[in-house]
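Q: Before we start, here is the structure in question, set down as C-alpha cells.
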Amino acid sequence: MNWVNDSIIQEFILLGFSDRPWLEFPLLVVFLISYTVTIFGNLTIILVSRLDTKLHTPMYFFLTNLSLLDLCYTTCTVPQMLVNLCSIRKVISYRGCVAQLFIFLALGATEYLLLAVMSFDRFVAICRPLHYSVIMHQRLCLQLAAASWVTGFSNSVWLSTLTLQLPLCDPYVIDHFLCEVPALLKLSCVETTANEAELFLVSELFHLIPLTLILISYAFIVRAVLRIQSAEGRQKAFGTCGSHLIVVSLFYSTAVSVYLQPPSPSSKDQGKMVSLFYGIIAPMLNPLIYTLRNKEVKEGFKRLVARVFLIKK
C-alpha cells in the first residue's frame with residue numbers, strides 16, 4: 001500500500017470531548033471497566049468453548065470467533081483512549097492511526113458476516129435438525145469463518161487505501177476518539193464526495209446483505225418453531241436464538257446510525273457516543289448476553305472452574 005501522507009504527517013490530535021473536560025474522568029472509569037469486563041467475558045467464552053468437549057459444536061465455534069473478534073475490536077481502540085484520557089496532549093501517531101483504522105474497519109465488516117453465518121447455523125439447527133451434523137461439518141464451518149475474516153480484511157484494505165491516499169490539510173486534528181473514515185474524510189484538502197459515496201455503498205452492502213440473510217434465516221426459523229407442538233420445545237428453540245438476535249439488534253442499530261446516516265454538524269457528538277457504544281460497550285455486552293441466557297455456557301463455565309480447583313488440589 002502506498003500511504004502518501006506517511007512522510008509528511010507524524011501524528012494526529014484526537015479531540016474526543018476536549019471541549020468538555022469534566023467528562024474525561026467518568027469516561028476513563030467507564031472505558032476501564034468496560035475493557036476489563038470485555039477481556040474477562042470474551043476470554044471466558046473462548047476458554048469454555050475450547051476446553052469443554054460438550055461445547056465442540058458449530059454454534060460455539062462461531063461464538064468463539066465472535067469473542068476473539070470482540071477482544072481484538074476493543075484492544076485496537078480502548079488502550080489508546082485510556083492513555084489519551086490521562087494525558088494533557090491527546091495524540092496518536094500516523095502509523096498508529098493507520099493501524100487503528102485498518103483493524104477497526106476489518107473487524108467491523110467481519111462481525112457483520114459472522115453474525116449472518118451464525119444465523120445460518122441456527123437456521124440449519126432448527127429447520128434441518130436431522131441433517132445438521134451432515135450440513136454443518138467441520139470443514140464447512142472453517143470455510144465460513146475463514147471467508148468472513150478474509151472478506152472483512154479485504155474490504156478494510158480497499159477502504160483504508162481510498163481514505164489514506166487523500167491529501168490531508170493541516171492542522172491534523174481529528175474530531176473523534178479514534179481514527180474512523182468519516183472523521184478522516186473531514187481533514188481532506190480535496191473533494192471527498194466520491195469517497196463518501198463509496199463508503200456509503202460499501203457500508204450498505206456490508207450492513208444490508210448480511211442483515212437480509214439474517215432476516216430470511218429467522219423467518220424460516222420462526223415458521224419452523226411455530227409448528228412445534230410442545231410449548232417447552234418452542235421455548236427451547238427460541239432460547240437458542242434469543243442471544244444472537246439481541247447481539248444483532250445492538251450491533252446493527254448502532255453501526256447503521258454511524259455509517260448510513262447523512263452527516264450533520266448537530267449530530268457529531270451523538271456520532272461519537274454511538275461509535276463508543278458499538279466499539280466498546282457492545283463487545284462488553286456480547287459475552288454477558290450469551291452467558292446469562294445460555295444454560296450450556298454457564299454449565300460449561302462451572303465445569304471449567306471445578307476442573308481448575310481440582311487441579312490445584
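Backbone N, Cα and C atoms are what each Cβ position is placed from, and that goes for glycine too.
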Q: Under Swiss-Prot's topological domain names, is R89 on the same membrane side as V134?
A: no
Q: Look up C97 (disulfide bond) in the DSSP assignment and reduce it to helix, strand or coil.
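A: In three-state terms, C97 (disulfide bond) counts as helix.
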Q: For the topological domain 'Cytoplasmic' (121-139), how many residues does DSSP put in helix, in strand and in coil?
A: 16 helix, 0 strand, 3 coil
Q: Here are some disulfide-bonded residues: C97, C189. Which one has the most Cβ atoms within 10 Å of its Cβ?
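A: Checking each of C97, C189, the winner is C97.
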Q: What is the number of residues in the topological domain 'Cytoplasmic' (220-236) that are helix, strand and coil, as DSSP sees it?
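A: Per DSSP, the residues of the topological domain 'Cytoplasmic' (220-236) fall into 13 helix, 0 strand, 4 coil.
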Q: Okay, the transmembrane segment (140-158) and the transmembrane segment (273-292): do they have at least three CB pairs under 8 Å, pairs separated by 6 or more?
A: no
Q: Can you tell me which recorded stretch out of 26-49, 58-79, 140-158 has the most Cβ pairs within less than 8 Å of the transmembrane segment (101-120)?
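A: Answer is 140-158, with the largest number of Cβ pairs below 8 Å.
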